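What follows is a short report on a single structure.
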Amino acid sequence: DFGRSSELAFVVEPSDDIAVQEQPLILYCQVEGIQPITITWRKNGVMILDSENAFMLANGSLYVSRFQRVRGDGSSDEGEYDCMAQNHYGLLVSRKAKIQAATMSDFHIHPQNAVVEEGGVARFQCQIHGLPEPVILWHKNSMPVNTDNERYTLLPKGVLQITGLRAEDSGIFHCVATNIANVKFSREARLTVSGSHSTVYKDPMILVGPENLTLTVHQTAVLECIATGNPRPIVSWSRLDGRPIGVEGIQVLGTGNLMISDLTVQHSGIYVCAANKPGTRVRRTAQGSLVVQAPAEFVQHPQSISRPVGTTAIFTCVAQGEPPPQITWLRNGQILETSDHIKLKNNNSTLSIYGINQADEAIYQCLAENSAGSTQASARLTVLWADGLPSPPQGVRAETVSATTIQVSWEKPLQNTKEIIGYVLHIRKAADPVEMEYQEAVSKSTFQQLVTDLEPSTSYSFYIKAYTSRGASKASEVTVVSTLGEVPAMPSLFIKVINSTTVQATWEPSIKLGQHKGFKLYYRKVHLSQYTGPVLLASNVTAYNITHLDASVVYEVKLLAYNQHGDGNSTVRFVSLRETVERTVLNPPCDCMKDEQNNKTSTTGIIIGIHIGVTCIIFCILFLMFGYRGRLLMCKNVQEQLSTPQIPRSQRSTTGLVLNGATRRDRDDRDLNGKQLDMNELERLFPASPSQEQQEKGITSAHSPSAPHDETQISTLPLDEFSIIEEQPDPLPKNPRGSSPAAPAPNHSPANEG
């Protein structure tokens with residue numbers, strides 16, 4: 001069991017670099033682990049031998065005395081370098097370091113002359129390629145541009161923007177590109193500011209929109225957007241997917257350029273620049289995509305393990321990056337080849353080694369690589385082998401018992417059997433990969449095992465290992481045997497009577513039918529011993545009509561499935577056609593046209609009947625409601641007749657029961673009492689039962705005698721439409737001269753009855 005410090009591992013690995021022509025270059029490599037350790041270097045996979053130009057230092061680093069992009073023999077010092085470290089336990093390979101020569105090309109875009117009116121926007125651009133990326137500065141009239149001027153914006157890609165132009169901005173401009181390889185100057189361009197600021201309206205217009213960028217995490221992205229118009233448009237930014245841009249690391253350069261610092265993968269997306277006319281919805285848009293890549297990095301490193309001989313070793317290596325990295329496994333510095341006992345799963349993230357032996361002891365490396373970079377991690381497999389382990393079990397035999405059972409037997413090992421604590425039987429379908437193998441444990445005194453729940457007509461492989469507390473023996477010889485074939489299962493059978501002489505048999509085929517499968521159908525009269533059949537049917541047939549039957553007897557129908565191993569169990573059903581014949585006699589064929597006409601007539605009658613029924617119910621409800629109210633008023637009149645003197649109708653005063661035509665003075669005198677009685681009357685009508693006190697009072701309501709449904713309007717009259725007074729037995733007053741006597745109150749029996 002070795003500690004982490006004893007593992008062979010890299011402390012420092014070579015990194016990507018840009019070298020200067022004719023200058024020295026050093027690639028660093030530092031390793032720790034159990035000595036002795038040997039370090040070697042490769043370039044593009046070829047071993048580097050020490051020479052006057054390139055040799056290894058004492059600390060393991062590689063020194064190139066004079067880096068040359070192209071040598072006299074056509075070779076180059078550019079390429080991918082890696083360092084290899086080896087000790088007694090295995091070999092390790094570092095990540096690949098990409099070495100490039102510093103260069104600078106000529107300008108392929110130069111600034112152009114421009115004439116712009118005062119208050120407008122001027123833009124100059126120059127572009128050049130180089131390694132590393134050249135730094136571009138601008139000069140005006142041979143002097144560096146004053147970057148403190150807020151109207152001057154310098155973008156990293158060689159763009160100069162000048163907004164709110166003035167006469168003093170006129171001049172000659174050129175750019176200067178610099179990196180470790182060279183310094184170069186662009187051609188000159190003249191800027192002329194003409195006229196005065198125009199007040200003519202101009203629609204917003206985007207002169208230059210954002211370009212598509214592909215960058216790496218932690219770099220800075222500048223998305224350019226410069227717009228013109230009168231009035232000057234307002235520039236805004238958004239993402240096409242609707243997600244917020246955020247504020248951290250976000251900065252606006254000039255009048256609308258978006259700068260995003262310390263890029264992350266989440267910044268990837270399509271960015272939209274919009275030039276908006278102030279106070280309106282008029283706008284113009286331009287968009288560009290930003291792709292942020294992330295070099296491969298490990299989420300889970302493989303761990304060194306120790307395993308006994310014959311067991312399984314599993315290494316897991318999970319990496320992430322953008323784009324997703326590709327994972328490659330190495331064994332002692334060489335690409336690992338898969339085989340029956342070495343498997344890669346989960347997009348190469350899991351390495352499984354089955355039935356390990358001494359030859360599998362090595363250092364295993366996981367290399368994760370994408371277009372943004374590469375990384376590596378390693379782990380060592382130690383195979384444990386103890387002296388005195390049992391020899392392999394002997395005489396392994398397997399015998400087929402049934403379609404799902406095989407019995408395996410064996411004999412104990414020839415050597416070192418005293419420490420055996422048990423046996424393990426390894427089982428696998430012969431056609432399956434090794435990782436599909438499973439095991440069954442057996443006690444040390446048992447030398448046979450019945451393996452059940454197997455699949456019919458399938459070949460299985462078996463081998464045995466003897467186990468002690470210190471480890472397992474080597475595997476016994478492998479034996480292969482097949483299970484017996486199996487007849488099909490019983491199909492589901494259903495019988496449907498078609499007519500007085502025909503039935504239809506339908507069924508569902510069994511999923512366990514083998515090759516050359518089909519069905520056999522038999523039928524007979526129940527009082528006979530002989531079947532009619534078999535009727536042989538193909539495996540894809542699921543129904544069959546049995547015709548020319550006798551309607552007076554009961555039939556037995558039998559169905560079974562068969563294959564190359566024989567007939568399966570049958571399904572039996574009984575069927576009688578007698579009821580069908582009787583129903584046919586009792587129910588002769590119908591006149592379809594007549595039935596259809598009758599159905600239409602019946603439907604019309606049902607609809608009319610429903611309408612009549614609903615109308616009757618409504619009238620019944622109304623009759624009950626107003627009949628109840630009429631009974632209340634009649635009770636009131638009876639009580640009044642019993643409690644007050646009776647006088648002739650002609651002698652009653654106009655102060656008796658009157659309509660709404662009573663004088664205003666009379667109504668005002670009785671307003672309070674009348675309204676109180678109105679509420680009591682409403683409570684009697686809708687919906688509670690009246691109290692004894694309310695039943696002793698009278699009520700009249702104004703209505704039109706000519707209205708046929710006058711009673712139905714009572715519940716909707718406002719309270720002030722009612723006038724209620726008590727009758728007084730006063731003598732008839734004398735009529736003033738020239739006036740007619742007061743008419744007696746009309747008889748409102750309809751209201752009382754209503």
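Cβ coordinates come from backbone N, Cα and C, glycine included.
Summarising the annotation, TrEMBL assigns domain 'Ig-like' to 8-100 (among others).
The domain 'Ig-like' annotation in TrEMBL covers 105-192 (among others).
For 204-287 (among others), the entry in TrEMBL reads domain 'Ig-like'.
What TrEMBL records for 295-382 (among others) is domain 'Ig-like'.
Under the heading domain 'Fibronectin type-III', TrEMBL lists 392-486 (among others).
The annotation domain 'Fibronectin type-III' is assigned in TrEMBL to 487-583 (among others). For the domain 'Fibronectin type-III' (487-583), DSSP puts the residue distribution at 6 helix, 52 strand, 39 coil.
Here TrEMBL flags 606-626 as transmembrane segment.
Annotation comment: TrEMBL describes 643-657 (among others) as compositional bias 'Polar residues'.
Marked as region 'Disordered' by TrEMBL: 643-754.
Marked as compositional bias 'Basic and acidic residues' by TrEMBL: 663-673.
The compositional bias 'Polar residues' annotation in TrEMBL covers 689-704 (among others).
According to TrEMBL, the compositional bias 'Low complexity' annotation covers 739-754.
Comparison of 8-100, 204-287, 392-486 by number of C-beta pairs under 8 angstroms to the domain 'Ig-like' (295-382) places 8-100 first.
When pLDDT values are averaged over the domain 'Ig-like' (295-382), the model yields 92.
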